[in-house]
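Following: one structure in structure tokens, then a few remarks.
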2 protein chains.
Amino acid sequence: MSLDDAIETVLQKVLRRIRPTEEERAFVEGLMRELEEIARETIEDLGLDVKPYFVGSLAKDTYLAGDHDVDLFLAFPLDTPLEELREEGLRLGKAIAERLDSHEVAYAEHPYVRATYRGVKVDLVPCYDVESWRDVRTAVDRSILHTKWVNEHLNGRNDDVRLLKRFLKGINAYGSEVYVRGFSGYLAEILVIKYGSFLKVLENSDFILRQKVIDPAGWLRREPEPAMKTVKRETEEDKPLIVIDPVDPRRNVAANLSWEKYGRFYFKAHQFLENPSEEFFFPETRKSGSYLAELRRKGTHLVTLVFKVQELVDDLLLPQLERSARGFERALSREGFNVLGWNVGRSSGKAFIMLEVDRRERERVKIKPGPEFFTERGWDFYRKNGKVWLIGKRLYAEKRVKESILEVIEELLKKNAVALGKGIRENVKRAEIVLDYVPKELEDEAYLFLAREKWSLKEQ
Amino acid sequence: MSLDDAIETVLQKVLRRIRPTEEERAFVEGLMRELEEIARETIEDLGLDVKPYFVGSLAKDTYLAGDHDVDLFLAFPLDTPLEELREEGLRLGKAIAERLDSHEVAYAEHPYVRATYRGVKVDLVPCYDVESWRDVRTAVDRSILHTKWVNEHLNGRNDDVRLLKRFLKGINAYGSEVYVRGFSGYLAEILVIKYGSFLKVLENSDFILRQKVIDPAGWLRREPEPAMKTVKRETEEDKPLIVIDPVDPRRNVAANLSWEKYGRFYFKAHQFLENPSEEFFFPETRKSGSYLAELRRKGTHLVTLVFKVQELVDDLLLPQLERSARGFERALSREGFNVLGWNVGRSSGKAFIMLEVDRRERERVKIKPGPEFFTERGWDFYRKNGKVWLIGKRLYAEKRVKESILEVIEELLKKNAVALGKGIRENVKRAEIVLDYVPKELEDEAYLFLAREKWSLKEQ
């Protein structure tokens, strides 16, 4: 079997698993018709001038089998004051949700209603009925334009989008959330439209990076000023990719894509094209092993902080954990410990920070540099310290310090000498800190981290 | 007893030990007369136009009791070609030495004869008979001018110079050799002349540093151009003191004085004035202790390299040892070991380098940063390494490394990855390297180093 045939075979197998069946499709379409009906009636009942729009992967028919959450946007006229849109939008959302199965209020830039209906999650999001990027006033307003643009340009390549999305999920590079920094669904759609197919996108993983700027709607010609500003800004921030939003020249669709996630895509694309397999789309759960054996093999040590966090959502929690881990890395390095790597996350309702360090104990003394000897501060230093000597014009003395890394960390936290994420500072300070041991539920996580399986580019 | 009286008592006691007795003085004067006689006769015998001059502390009557080496300079007319001065000077020196007890040829800028006569070392040094700095052609030519200037300005303060020299010796800050970087005898003489007495020099230890530029002969007025050039050059090199040579505006008499040695003088001067004692002039041998106990107390480790060196003189050897120690400090730091301090020297015919380090073993793996992933070198790195992951756009991999510091040092030396002093490179590479153990004869040295007694500013 040729490589091309092998690839085709794999894709067909994958498609059988991710393409919605006729039954699912009928169910989804029925659901949407019902929801639209309910929405229209409610709008009329409330005497509002609002248009309901379906957006997202359902509206674009790019959803994966079994993954059919509904995004129903409630578009208010552009002349509605923002305050009124917030209030009336929420009232309308609630009124619609009353006729569904259950609901709650969620908060983004403005409040919206999350309902469920016949087992499906339904987001009821108020927005403005924009027709062009110049009208955009809130973060969600573009969604209607996105849906429209994709539907106008996809030309039946819906399954290619499904393959790409599933591929990105499989290699752990899907989702533009701040704690993922991967490819959004919209970005996947644009890439398929621009390069023609799932395989073309993979084959161009190198070219896409070199091309750097992708401008499917020709904004650089049509609206050079805002488009160039976007290119300049994103170039300065060293983004791997600049995809000028087909519906808004001011926006880089790939703004949240990290080099790490593009790199994963890059290597996995090469691997898949050389050696196709379903594994890329549906990886087996990563192989695990003993984190203690890994520590012995490497001769390193593992410090783990475990602590309660309130109801912080991942979007907020994970960046704070990352910031805190980097704070520990810097603070410990100043104290003479080398942090080889760190890992953060959440498990069983608690947050954790893992730090792989080079040793558990350091020397008991530290050489403390002092001021220049002929200054007032020099005399102070000379008087305050026991043994004092000179290197060049600077005084030095010996300082007795804590030996064990746990004591050092406790002292650093007590002295507020670690840059921690603001929202979790107090939690970290009350953390349980353990050395070369993790609670049962973190054992796999510890192994995947220490063995670097978690980020490995080679193993599937 | 008042503090002034206490100081005076100490100085009188010290003077009794360092002022030459009438017998010594008579012996020295007789010796000089005899030597001058021999020199004059030999010069006449050889038909040379050379004048003999005594220079150095004997000629200035600033020598310490028992320390009366003779410097006899043989001054050739200015129109003598340099080559002729070298040849004839050596021939003359040898001819004089033939009439003394024993001699050998030594090498500085040009060769000279070291003889002994009646138990006294006699250096016979050819030079030019200069009358002004404009005539100076070789490094030794200024000596005659120095002797003349000091004798014209000392005005009977010879004992003050003796006290200052003995004080500087006692606190280990005497000698302008490159491996001492302390005060020369000539500098001590200038300071006494400038500030009036031994005590005045000590009392001005702070003022001297702040004054920075000392110009006893008024060169800045008389010859502003070369004098300013000297000030500028030495200021840029951040010398602690700029003493424009009274006989040559181009030269800083304190050019070799280090901040460390000035600092020792600074603190010891304060200590002496507050708490005078003979100890400053004649310190008891430094108290010793167990270097192993010191290692245990500090939780650090000691690496010692011991190796043979040929007949390198200290002037050449010690700077090379220092350079090599600094090379080890940098190389080991790149390898993850922290060097808290180092110490070099010579003992029983062998040279040694001691390195105080934070640990004897490091972790068995190192995180190895690679190139950017989308480059040719990125692909090489990806293929060559087992586990590979991304941080930003850069690839990383794990590398197994030597654990023990001795193995690391051996590997570094084999790979020529330590910046060593040129003259001793091969010797260091063949060194015996020991950990937390030193040969018997280095035990005291190891203790004084680890306890920092060697450089301590407080204990006498």
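Using the three backbone atoms N, Cα and C, a Cβ is placed for every residue, glycine included.
Among the features that TrEMBL reports, domain 'Polymerase nucleotidyl transferase' is placed at B:39-146.
Residues annotated as ATP binding site in TrEMBL: B:SER57, B:LYS60, B:HIS146, B:LYS165, B:TYR174. B:LYS165 (ATP binding site) is surrounded by 26 other CB atoms, counting those within 10 A of its CB over all protein chains shown.
Under a cutoff of 8 A between CB atoms, and with a sequence separation of 6+ in the same chain, the neighbours of B:TYR174 (ATP binding site) are B:LYS165, B:LEU168, B:VAL180, B:GLY182, B:PHE183, B:GLY185, B:ALA188. B:TYR174 (ATP binding site) falls within a strand segment according to DSSP. Under the heading CTP binding site, TrEMBL lists B:SER57, B:LYS60, B:HIS146, B:LYS165, B:TYR174.
Other Cβ atoms within 10 Å of the Cβ of B:ASP123 (Mg(2+) binding site) number 19 in total over all chains. DSSP assigns B:ASP123 (Mg(2+) binding site) to a strand. Sequence annotations record features per position, and here TrEMBL assigns Mg(2+) binding site to B:ASP69, B:ASP71, B:ASP123.
Averaged over the domain 'tRNA nucleotidyltransferase substrate binding' (B:159-282), the predicted model has a pLDDT of 96. Residues annotated as domain 'tRNA nucleotidyltransferase substrate binding' in TrEMBL: B:159-282.
What TrEMBL records for B:298-432 is domain 'CCA-adding enzyme C-terminal'.
Using Cα positions, the member of the binding-site residues B:SER57, B:LYS60, B:HIS146 nearest to B:ASP123 (Mg(2+) binding site) is identified as B:SER57.
Note on proximity: of the binding-site residues B:SER57, B:LYS60, B:HIS146, the one nearest B:ASP69 (Mg(2+) binding site) is B:SER57, by Cα distance. Looking at B:ASP69, B:ASP71, the binding-site residues in this record, the fewest other C-beta atoms within 10 angstroms of the C-beta turn up around B:ASP69. Within the same chain, residues at least six positions away from B:HIS146 (ATP binding site) with a Cβ under 8 Å of its Cβ are B:VAL55, B:TYR186, B:VAL247. Residues B:ASP69, B:ASP71, B:ASP123 make up the record's Mg(2+) site, and a Cβ search at 8 Å around their centroid adds B:GLY56, B:LEU58, B:VAL70, B:LEU72, B:LYS121, B:VAL122, B:VAL125 from the same chain. All chains included, 21 other C-beta atoms sit within 10 angstroms of the C-beta of B:LYS60 (ATP binding site). For B:SER57 (ATP binding site), the same-chain residues 6+ apart in sequence whose C-beta sits under 8 angstroms from its C-beta are B:TYR63, B:LEU64, B:ASP67, B:GLY185.
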